[in-house]
C-alpha cells in the first residue's frame, strides 16, 4: 500500500485528499471508486424471466448474453442489440429489464472494460458483436432487416459509433433503427449549458465526466482542469466544429443561467496527449454530414438533470438537418443513470419507468 501511495504521490496527478490524519492522492481514490462501483454493479441480481430463454455466448470472442422468447413465433422476430453504460470501465449485461428483453431476440454485449483493455477495444467489441448478429440473425429466428441497436450513456456512444461505422457496409444488412439513451457524444466542449447547470449533479458531475474520460483512456488526470477549460482544442478545430457544437444551437428554454466561459489559452501538450477525443468513434458528433444522412431512424432520450443533456439536443439537430427521422423524449425529472434503476422496486424512479416505456414503444414500431 505504501509503495502504491508513493507512486501516485511522485506523479502528483491530482492533488491530495485528507481522511483523518492520512493524506491520499486523489487519483488513488478515483481508482478505489472505480473498483467499488464494479463491485456494486456486479453484485446486483441478474434478470430472471420465465418467459425468456437466456444463454451466454460469444460472438467472435466478444461475450454476449442473448434473450429469446420461449413462445414460438410464426414469423421472424425483430432483434435488439443493447450496449450497457458505465463509462467503459464498469457495468454489466445482466441487469437489463425484461420489458426490453421481450421485444424480440435481445442481445447484450459484454464488451471488454477499460483500463484492463485499452480504448478503442470497447467500441471495436461492440462493432464486432453487431456485425456477427447481423450476419447470423436468422439462426435466432430474427429478421436481419429488423435489428435495432440501443445503448445508455457510453453505451449510447458505442451505438452511435457502430451505426456510423456501418453506413458504408454493403455485405451485411442495414441497421433498422438506433436508440441513444442520455449518450455521451462529444469531448470538445465541457461548458455547454447542461454542463454548467448540472456541474455538481450526483452520478455524473462536470468534473467527474472529464476524470472518467481520462481514466478510461489511461491518461494523466492532472489534465482535468485544462480539458474542462477547453485548452485541449486548437482554434482551427473550434472553428471547424462551431457549426455543430455551439451553445447557440441549444433552445433558449434550456439556457437559463448560462454564462459563456472565459477565453482560455491552447495547450499543444494537452492536445497531443488527448488526440483520441477528436476521433469520431469517441465523439460521434464530429462525423460529417455524408455519414449523418445515411444513419437509421433514431430515438434519443435526454434528461434534464444530466450534464450530457445538450449533446442529445445537438445530435438530434444534426440528424434532423440531414433528414433522418428522429423521435425525441426529454425527461424533465430524469437524471443520468436513471435507466439503471428500472426494475428495482422501491429503488426505481418514475423517470426510469417512463424511459423504458418510450424505448419499448419505439422498438415496437419496427
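For all residues, glycine too, the Cβ spot is worked out from N, Cα and C.
Annotation comment: TrEMBL describes 153 (among others) as active site. Counting every protein chain shown, 27 other Cβ atoms lie within 10 Å of the Cβ of residue 153 (active site).
The active site feature in TrEMBL is assigned to 306 (among others). Within the same chain, residues at least six positions away from residue 306 (active site) with a Cβ under 8 Å of its Cβ are 182, 194, 198, 201, 204, 334, 335, 336.
Positions annotated as active site by TrEMBL: 336 (among others).
Feature annotation from TrEMBL assigns domain 'Alpha/beta hydrolase fold-3' to 80-219 (among others). Over the domain 'Alpha/beta hydrolase fold-3' (80-219), the average per-residue pLDDT in this prediction is 91.
Among the features that TrEMBL reports, domain 'Alpha/beta hydrolase fold-3' is placed at 278-338 (among others).
Counted with DSSP, the domain 'Alpha/beta hydrolase fold-3' (80-219) comes out as 52 helix, 25 strand, 63 coil.
There are 25 other CB atoms within 10 A of the CB of residue 336 (active site), with all protein chains counted.
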